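Taking it in order: structure first as C-alpha cells, then the write-up.
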Amino acid sequence: MKLLHLDSSILGDYSASRQLTASIVAKLQAADPALQYTYRDLAANPIGHLSGAHLAAAQNPPATRTPELANDLALGVQVLQEFLDADTVVIGVALYNFTISTQLKAWIDRVLVAGKTFRYTAEGALEGLAGNKRVILAVARGGRYGEGSPTAALEHAETYMRAALGFVGLHQPEVVVAEGLALGPEARAAGMAAAQAQIDALPV
C-alpha cells in the first residue's frame, strides 16, 4: 500500500494543518508499518503554475522546449504519477482568503489531467479515472466557517477540494477540521483538540 502525504501551509512549524496531517500519517503508519510513504511539501518546494508555455509545449516538438520548461514538465509527470500510484492521500488544506493556498492549487492543476484522471464520454458525460483512493483532508481555518456559521458561505477551501476530488471520481473524502484557530489561545486549543478527536475516530 502506498501513502502520499501533502502539506501546503506556508506557516512552517506554526501550521495547524501540518500538525494534523502528521498526526493522521502517524496513525496510518502505526497501523501498517509496511506503508510505502511519499511526502511532498508544496510550500517549501512549490510546483510552478501553469502558463501558456505549458500549453504550447504539447503542440510543439520536445526539442523546442527550454531546459527549465522540460524540467517543469517532467516534475508534472512525476507529481501526477505519485497521485495515481497512491492508495491513500493525506492533504493539509489551510484556508487563505477563503480558499486553498496557491501552492496547493498548482498541485491540483498537475493532477486534474484529461485522459489521466478524468475524461468525457462520447455522450459528453464526465467520468473520473482516479480509482478508489482513500483521501483524508486536514482543513485548518482561523475563523469559524462551519455549517450554520454566519461566514459559512465564504468557505471555499474544503468545498473546492471536494469539488476537485469529485471531478476525478473521488466523491467521499474524509475531512478533519480545526477552526477558530486565530480567535485566541483557548479557541485554538479547543479547535485542535476537536480535530484530534476526529483523527482518533478515523478508521485505519
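Heads up, the Cβ atoms here are built off N, Cα and C, so glycines get one too.
What Swiss-Prot says about this one:
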- SER9, SER15, ALA16, SER17: FMN binding site (BINDING)
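Considering only the binding-site residues SER9, SER15, ALA16, SER17, the Cβ with the fewest other Cβ atoms within 10 Å is that of SER15. Each residue in ASP7, LEU11, TYR14, ARG18, GLN19, LEU20, GLY92, ALA94, ALA138, ALA140 lies on the same chain as SER9, SER15, ALA16, SER17 and has a C-beta within 8 Å of the C-beta centroid of that FMN site, without being one of the site residues.
In this structure, SER15 (FMN binding site) belongs to neither helix nor strand by DSSP; it is coil.
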